[in-house]
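Q: First the structure, then my questions, so here it is.
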Amino acid sequence: MKVLIIFAHPEPQSLNGALHRVAVEELEEQGHHVQVSDLYKMKWKSEVDREDFPNFPKDQRLDLWTASAEAYAENSLTQDVLDEQAKLRWADFVIFHFPLWWFTMPAILKGWVDRVYTYGFGHGLGEHSDKRWGDRYGEGTLTGKRAMLIVTLGGWKEHYSARGISGPIEDVLFPINHGILFYPGFEVLPPFVAFRVHKTSFDEMASTLRKRMREIEFTKPIPYRNQNDGEYSIPTLTLHESHGGDLASGFGLHTRTEVETTDVKEA
């Protein structure tokens with residue numbers, strides 16, 4: 001497979017840098033073709049502003065949706081953004097690798113998403129009608145590709161459990177897994193999460209990561225619900241009462257239960 005890694009850590013000799021090299025090495029040993037976007041090494045521009053739209057009139061108020069849509073349609077985005085979009089089209093599998101800082105990705109990686117997911121590429125696709133509400137959440141430009149996160153954090157696994165003070169790690173990462181990966185069409189694999197990294201053996205983390213890299217073609221994706229498959233009311237995009245099992249609210253509603261997943265496969 002063709003694998004793209006978006007790597008976001010400022011220090012090559014860090015734990016994340018070492019794990020990144022482990023992932024690349026293992027993927028290449030398995031015969032995959034790997035490209036890397038090392039955002040700090042690239043000195044990636046992390047803010048969206050007028051410079052992203054060279055042809056947008058300087059005397060006109062900047063409307064990001066309009067400017068983004070026009071620049072994408074005219075192929076007049078900046079070269080760094082065009083290059084990253086080309087990498088995404090090239091890849092079969094995409095990995096976002098980053099440390100969890102203040103419960104989310106580093107700003108430089110969020111800036112990559114803000115700039116690369118332009119209108120017409122990452123969003124703004126498909127018809128809006130009484131049957132469909134755009135091509136998103138399971139459909140979109142990146143449909144047919146797989147993605148996953150490699151995440152490191154200092155807290156204990158128990159801190160990010162169902163009763164942990166920080167909330168379940170599935171909930172913490174939901175805005176990224178569901179809102180950034182699933183939204184434009186990726187099938188999203190369960191993340192590799194290294195907890196309590198300052199107290200955990202590197203060899204243990206590296207061994208587990210190597211195993212995950214060997215299994216990327218066979219790992220089952222998180223069974224998120226596709227927006228336009230009939231489980232949500234349109235245009236309110238609320239889940240039908242007949243779905244969701246005993247869950248009354250929350251992120252868990254948007255993942256099919258084991259029973260629902262089995263029913264879908266047998267349908």
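Each residue, glycine too, has its Cβ placed from N, Cα and C.
The following feature annotations were taken from Swiss-Prot:
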BINDING   His9, Leu15, Asn16, Leu100, Trp101, Trp102, Phe103, Thr152, Leu153, Gly154, Gly155, Tyr160  FAD binding site
BINDING   Gly122, His123, Gly124  substrate binding site
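Provide an account of the burial state, proximal residues and distances for the features listed.
A: When Cβ atoms from all protein chains are considered, those within 10 Å of Trp101 (FAD binding site) total 12, not counting its own. Classification of Trp101 (FAD binding site) by DSSP places it within a strand.
Cβ-based neighbour count (10 Å, all protein chains) for Gly124 (substrate binding site) stands at 17.
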Q: C-alpha of Phe103 (FAD binding site) to C-alpha of Gly122 (substrate binding site): distance in Å?
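A: Between the Cα atoms of Phe103 (FAD binding site) and Gly122 (substrate binding site), the distance comes to 23 Å.
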Q: So which of the binding-site residues is most packed in, judged by how many other Cβ atoms lie within 10 Å of its Cβ, out of His9, His123?
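A: Selected residue: His9.
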Q: Looking at the binding-site residues Gly122, His123, Gly124, which has the shortest Cα distance to Leu153 (FAD binding site)?
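A: Going through Gly122, His123, Gly124 one by one, the closest to Leu153 (FAD binding site) is Gly122.
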Q: If you skip the near sequence neighbours and keep only those at least six away, which residues in the chain come within under 8 angstroms of Asn16 (FAD binding site), Cβ to Cβ?
A: Phe7, His9, His97, Phe98, Pro99, Thr152
Q: Which residue, out of the binding-site residues Gly122, Gly155, shows the minimum number of other Cβ atoms inside 10 Å of its Cβ in this structure?
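A: Per-residue Cβ counts within 10 Å for the binding-site residues Gly122, Gly155 bottom out at Gly155.
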